[in-house]
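Data first, discussion second: the structure below is written as structure tokens.
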Amino acid sequence: MFTLGTSLSSQVDPNWQTYIMLVVYFVVLLVIGYYGFKQSTGNVSEYMLGGRNIGPYVTALSAGASDMSGWMIMGLPGEVYTTGLSAAWLAIGLTLGAYINYIVVAPRLRVYTEKAGDAITLPDFFKNRLDDKSNSIKIISGAIIVVFFTLYTHSGMVSGGVLFESAFGVNYHIGMLLVAVIVIAYTFFGGYLAVSLTDFFQGVVMIIAMVMVPIVAMLQLSGLDTFTQTAELKPTNLDLFKGTTVIGIISFFAWGLGYFGQPHIIVRFMSIKSVKQLPTARRFGIGWMAISLLGAVGVGLTGITFINQSGTDIENPETLFVLMGQILFHPLVGGFLLAAILAAIMSTISSQLLVTSSSLTEDFYKLIRGEEAAKEHEKEFVLVGRLSVIIVAIVSIWIAWSPNDTILGLVGNAWAGFGAAFGPLVLLSLYWKGLSRTGAVSGMLSGAIVVIIWIAFVKPLGDVNDFFNLYEIIPGFLTSLIVTVVVSKFTKKPQIDVEADLTDVRRLVKTGED
């Protein structure tokens, strides 16, 4: 157990018991992947969307685990450790955003995607919803998914490399490659079902870890007095409104806007067996999320006192969870906690790889081969989907080979890109009959471009004026929303009867019919 005043480095060397736990964890993932392979290799819909036959509990934890990547276990505790309780605005904004997403987006998207040509990707839904015979919206939205998800997956690869480097002293690149090989294996073979089932398993592992570490840390320190000691070190540590600026609080809170446009999360709503099961999924999923995020904040707060009393500096705050887990627990339990970090990392990577693979297959390859070929040669399209998983993973590894940013920063950029490009479009496509194809394309592009410009040219001016530190999703989301509405007002609407479709969708959601 932990003894105050001793060296961190003398207590964090993993032994064979830690390795055994990790090997067992990897084997479980591969077994689940094999099960998914045996169950869902028949056609593209099954491989990409589980045949729309996923239950509420798997849907909930799959959405949660694919959302709460390595940033929750490594990034958020590190941010709380650095800035104090004010970083909890991020957790508050995300929880509120996820809850609204379940209420506003999930029911209509589940019904409308099936009604609109049984769309299995977001670009496919946009195309059918807007009657886009030119396929321009499908190509552009598909390209945005491929670009931003490749960058998003890159953040997961970085997390995996950092974990193995900090926990085992393993070379960063070897650790990253090990994570990539395992994720590729079960995603390649098992498809959506394997990804969802492994996400469920990994979600259970994650919540146990996030509850366990801060509680044990408190017991090892001074119980609830730990927080008093944390405040004594710096009064702003326990002040929700200090330790950051007003712009910082707004930016943290604005992360919740991103949920409306995250393809790897909202695809979970499309795959649930029935719209009637969504309330169960919502209660279970939001409960899991709130407890996990509370635990992450707890790790950061207890870590402030924990590291201070150990008399040791921490070089990278994002390794706080790793250090606390290895010092506080028996190596076997420490291995379990490392598995929890891997669970967070790999659950997100696998979901992102599958969504990107789906987009490459459905939104690009199908356009080249044609609809008839897709129906006649489904195994060919499944194979293309699997090969796409490998290609995207390789590109992400290449980008992540030389990490030069924080995990939270990498995730934040990709999150903003998707939230701004797709968030307003998803909401308007589900609720507004006046949406046009030209408006949708203009809004998507403007949102993505504003995010990129803000990151590249505006944020570097943050030292001049704090306003420029505003999270890029806010200007990107607002720009996309305004441009979409304004352009739609002056351009041609779809030829199909959208008002009748929206009325039918409302009816189906209300009655719960499949």
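Glycine residues also receive a Cβ, built from the backbone N, Cα and C atoms like all the rest.
Note that the structure is predicted; figures quoted are calculated from it, not measured.
For 17-37 (among others), the entry in Swiss-Prot reads transmembrane segment.
Listed by sequence, the residues of this chain that lie at least six past the ends of the transmembrane segment (54-74) yet keep a Cβ under 8 A from its Cβ atoms are 98, 155-156, 159-160, 162-163, 193, 195-197, 199-200, 202-204, 206, 209-210, 262, 264-265, 268-269, 271-273, 277-278, 280-282, 284-285, 288-289, 292-293, 296, 299, 318-322, 340-341, 343-345, 347-352, 407-408, 411. The transmembrane segment feature in Swiss-Prot is assigned to 54-74 (among others); the stated evidence is sequence analysis.
Sequence annotations record features per position, and here Swiss-Prot assigns transmembrane segment to 85-105 (among others) based on sequence analysis. Within its own chain, the transmembrane segment (85-105) has Cβ neighbours under 8 Å at 67, 76, 79, 236-244, 248-249, 252-260, 265-266, 269, 278, 281-282, 285-286, 289-290, 293-294, 296-297, 300-301, 426-427, 430, counting only residues six or more beyond its boundaries.
Sequence annotations record features per position, and here Swiss-Prot assigns transmembrane segment to 144-164 (among others) based on sequence analysis.
Annotated transmembrane segment per Swiss-Prot: 174-194 (among others), in sequence order, evidence recorded as sequence analysis.
Listed by sequence, the residues of this chain that lie at least six past the ends of the transmembrane segment (204-224) yet keep a Cβ under 8 A from its Cβ atoms are 1-2, 25, 61, 65, 68, 72-73, 288, 291-292, 294-296, 298-299, 301-303, 305-306, 309, 321, 324-325, 328-329, 336-337, 339-341, 343-344. The transmembrane segment annotation in Swiss-Prot covers 204-224 (among others).
Residues 63, 66-67, 83, 86-87, 89-90, 92-98, 100-101, 104-106, 109, 121-122, 145, 149, 348, 351-352, 354-355, 359, 412, 415-416, 418-427, 466-467, 469-471, 473-474, 477 of the same chain lie 6+ residues outside the transmembrane segment (246-266) yet bring a C-beta within less than 8 angstroms of a C-beta in it. If you look up Swiss-Prot, you'll see 246-266 (among others) marked as transmembrane segment, on the strength of sequence analysis.
Feature annotation from Swiss-Prot assigns transmembrane segment to 284-304 (among others). With a cut-off of 8 Å between Cβ atoms, the residues of this chain six or more beyond the transmembrane segment (284-304) that come close are 56-57, 59-61, 63-64, 67-68, 72-73, 76-81, 84-85, 87-88, 91, 94-95, 98-99, 102, 203, 206-207, 209-211, 213-215, 217-218, 221, 226-227, 230, 233-234, 237-238, 320-321, 324.
Listed as Cβ neighbours of the transmembrane segment (327-347) (distance under 8 Å, sequence separation of 6 or more from its ends, same chain) are residues 1-2, 8, 11-12, 14-15, 17-22, 25, 29, 62, 65-66, 68-70, 72-74, 156, 159-160, 163, 167, 179, 182-183, 198-199, 201-203, 205-206, 208-210, 212-213, 216-217, 220, 310, 321. Swiss-Prot lists 327-347 (among others) with the feature transmembrane segment, giving sequence analysis as the kind of evidence.
Feature annotation from Swiss-Prot assigns transmembrane segment to 381-401 (among others).
The transmembrane segment feature in Swiss-Prot is assigned to 407-427 (among others); the stated evidence is sequence analysis.
Per Swiss-Prot, the feature transmembrane segment maps to 438-458 (among others). Counting only same-chain residues 6+ beyond the ends of the transmembrane segment (438-458), those with a CB under 8 A from a CB of the stretch are 126, 130, 136-137, 140-141, 144, 148, 413, 416-417, 420-425, 428-429, 468, 470, 472-473, 475-477, 479-481, 483-489, 491-492.
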_Intrachain residues whose Cβ lies under 8 Å of the transmembrane segment (144-164), provided they are six or more past its termini_ = 69-71, 74, 122-123, 170-176, 178-180, 263-264, 316, 318-319, 322, 338, 341-342, 344-346, 348-349, 352-353, 355-356, 359-360, 363, 392-393, 395-397, 399-400, 403, 405, 407, 410-411, 413-415, 417-418, 421-422, 444, 448
*State the residues, same chain only, that lie 6 or more residues beyond the ends of the transmembrane segment (381-401) and have a CB under 8 A from a CB inside it; answer 'none' if no residue qualifies.*
41, 43-44, 47-48, 146, 149-151, 153-158, 161, 173, 176-177, 180, 183-184, 187-189, 191, 353-354, 356-358, 360-361, 365-366, 369, 374
_Positions whose Cβ lies under 8 angstroms from the transmembrane segment (174-194), at least six residues beyond its ends_ = 26, 29-30, 32-37, 39-41, 46-50, 54, 156-158, 160-165, 168, 271, 342, 345-346, 349-350, 353-354, 357, 382, 385-386, 389-390, 393, 396-397, 400
